[in-house]
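Comments concern the structure below.
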Amino acid sequence: SGSMDSCLMIWSMKSQMRAYRFVGHKDAVMCVQFSPSGHLVASGSRDKTVRLWVPSIKGDSTVFKAHTATVRSVHFSSDGQSLVTASDDKTVKVWTVHRQKFLFSLSQHTNWVRCARFSPDGRLIVSSSDDKTVKVWDKTSRELIHSFCELGGFVNHVDFHPNGTCIAAAGTDNTVKVWDVRMNRLLQHYQGNLSFHPNGNYLVTASNDSTLKILDLLEGRLLYTLHGHQGPAICVAFSRAGDLLASGGSDEQVMVWKTNGVVDDGDVLKTQKSASSVDETHHAPVEMDCALHLEKTKPLNSGRNHKQQEEEISLTNTLEHILEQLNVLTQTVSILEQRLTLTEDKLKECLENQQKIIHSKT
């Protein structure tokens, strides 16, 4: 985890093991990520640098310098050979991990770039920005493939689906949108920040209302709402195995949750007893009971028989799915209306220019 205290913390999931506190950055650490092998950790900072750390007691690191503003995102390719970073200097940069050198920049964003991610096969890069766009790039040719513009706010986070066919983006308008990158079309629309489950069937979101939500992508519906943070939940991510998820909030807490098979058989999620408190001036692990409340979206009435309950659940699921689809249709209509308005404005401008030309000739 990274913090405003400019330190990087490596936490152990074993209760008796101490955490490592690494010092090197000169300003706030904005982003961190382990390499696929777990042998390296990358971090980006407000000091405009990227560092590669060896997660050991020594905490040795190598500094990468090329960005000219805050680095907000770091991400390893699936083979661990490349690193992609995003910055307030409006660029996405790609680095080689083995030679520890800067390779090239992608620079068609017109505002801060908040996030950049490799596709699972490493062929594509997706980036999100305060220019309210999500861009998909070809890593080999370094060309822009497509730009998604149907967003209502700055885009804080973006990621690829595990099979590489879809991307999901979360924005400051507190929405999550899922697009098919093969057909460049909107598939689903949710609320909050995001992380895909490794099996690709589920999505977890973090929201300003302090909750985390587990979404079923196959059925397009909300499964669970998790309560625990005492303020906006800022970020969330599944572990590589999918058995854990971690969330960070403005309440200065890092919480680790056990999924306990919820994504497979619907069991209730539970939080791990150990959570981590992130202090503004110093990271330190704190033992605590999270005492979190889980709210299922389909409460059952124990006074009814099993068949009635199943019918009610089926009806509720159908209605929820219809509402989600209506929401997507509403968003689509809104986008079409915006485009129609832009077209009308351009047509009006052309007519006005034509009139000016005619008047100038006469």
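Cβ coordinates come from backbone N, Cα and C, glycine included.
Per TrEMBL, the features are as follows:
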type	residues	note
REPEAT	22-53	repeat 'WD'
REPEAT	64-105	repeat 'WD'
REPEAT	106-147	repeat 'WD'
REPEAT	155-189	repeat 'WD'
REPEAT	194-225	repeat 'WD'
REPEAT	226-258	repeat 'WD'
COILED	319-353	coiled coil
Query = Quick one: DSSP breakdown of the repeat 'WD' (22-53) into helix, strand and coil?
reply = 0 helix, 18 strand, 14 coil
Key: Chain residues outside the repeat 'WD' (155-189) and at least six past its termini with a C-beta under 8 angstroms from it   = 114-121, 124, 126-130, 132-134, 136, 146, 148, 195-196, 198-200, 203, 205, 207-208, 217, 220, 235, 324, 327-328, 331-332
Remark   = Same-chain residues at least 6 beyond the ends of the repeat 'WD' (106-147) with a Cβ under 8 Å from one of its Cβ atoms are 69, 72-73, 75-79, 82, 84-88, 90-94, 153-160, 162-164, 167, 169, 171, 179, 181, 184
